[in-house]
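Q: The structure's right below; bear with me while I get my questions together.
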């Protein structure tokens, strides 16, 4: 990918520092020239509070949700941020302690209560966090910040004010939903979450939220389950972070990283476990891929199997002459990558960060090709007949289809992650370019563009600079897929630099067009979107 940059100064630690929200927007200092057509807001989510009083959060996905906004107008940029007033945040601020258990941090009963009150408080049921630090997405004319539980939080994208909490369980049968829904051109929202199916077994439901209609009724009120995927283990659902969608098909990748529901319901309530304590790996299952017909709402019984990997982000999925092309950011093996994302590990000195990353699963960008039509007469043969891929699908005697991928990118401890594409033009359709955040031993230190057809790579990188997920914004008169810009929030703690800036790159070659510097640190952000006026 590039000559590997070292980080002995440990500037990446600034990504994990608590900051205060802003009372008014800051005017950014622009160098270069922001395209005049770039008008709107870059909205992003991430943790901004890494401790409450003397109580620290322990995992990358624990800090309290901070909502960020960069406004673009006539070549000028302003920056604003506010904490999302979730129940988790408001109660923590009120009681000056961690009140609701987060991903890797346990909340314990109020020490001021007597022993009987503290004991009985364990039996009120599992209290699920609403800490919406992962992503933002539109539903109708509204915007919601989300994590991966059943709670989403409606926010005002102009003022960043928190409007209300919404419990998806009140509308559809899911225990939670991913932070990576698919949004169709008409505004229809698709998402996936696990649920309890027939005979108290676990399954995965695809939920659909329709677009806003003329009656202006909240589309969430009309949410429905459109198809259900079975679970390989009746009591242990897999961790699901994203899924694939095309105009006609839904693809769900079931990995060996499992949630032990017995541990979740018992140990959590009685002994103070957290989400991370409830994960375990099934070392023998490998990966199961599932497909459903989106329009007919029907599950296919094709048994796609492959070797084990972790999966967080789908890049894109599309149909090609009777096959589904599924491009994924994989991590080899069955061990859970999140085991390596505790803040203590991420804040270590550079040599220790590298040592920890060497123990973790190896990242790789892969393309899997799934044949949709299976003929038993083809047992033992490669069913993939497409000329432009080396991926294979072998029909086995037990009627499983064993998949081997084509590797699109692989580098030692160098990940292409947090992928983005020209989603409006190419989501669920054939495409050429993907943009990603380059992780160097888990440290984000480069931005990348990948040609998925030729495997050519372009890159932006500077010393002591730590970018975020790249967001592609198409220019109004675009003719080609990569006509536009890429936006990324960069933390820059090096000598002689401003604390942070918004970077604007030419999407063609990742050359710098402009940057908008601000006089404040910006902690790590995970995902977001560009909202046009």
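The backbone N, Cα and C atoms fix where each Cβ goes, and this holds for glycine too.
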Q: In Swiss-Prot, the Fe cation site includes 180, 313, 527. Which of 241, 290 does it also list there?
A: 241
Q: Quick check for you: of the binding-site residues 180, 241, 313, 527, which have their Cα within 10 Å of the Cα of residue 330 (S-palmitoyl cysteine)?
A: 313
Q: Out of 101, 105, 329, which of these recorded positions is nearest residue 180 (Fe cation binding site) by C-alpha distance?
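A: Nearest in space to residue 180 (Fe cation binding site), counting only the recorded positions, is 329.
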Q: Note the Cβ centroid of 180, 241, 313, 527, the recorded Fe cation site, then list each other residue of that chain whose Cβ lies within 8 Å of it, in sequence.
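A: Not counting the recorded site residues, we get 134, 135, 178, 179, 242, 312, 314, 418.
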Q: Distance check, please: Cα of residue 329 (S-palmitoyl cysteine) against Cα of residue 101 (phosphothreonine), rounded to an integer number of angstrom.
A: 29
Q: Here are the recorded sites: 231, 329, 330. Which has the lowest count of other Cβ atoms within 10 Å?
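A: Candidates: the recorded sites 231, 329, 330. Fewest Cβ atoms within 10 Å: 231.
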Q: Measuring Cα to Cα, how many Å separate residue 231 (S-palmitoyl cysteine) from residue 241 (Fe cation binding site)?
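A: On Cα coordinates alone, these residues lie 15 Å apart.
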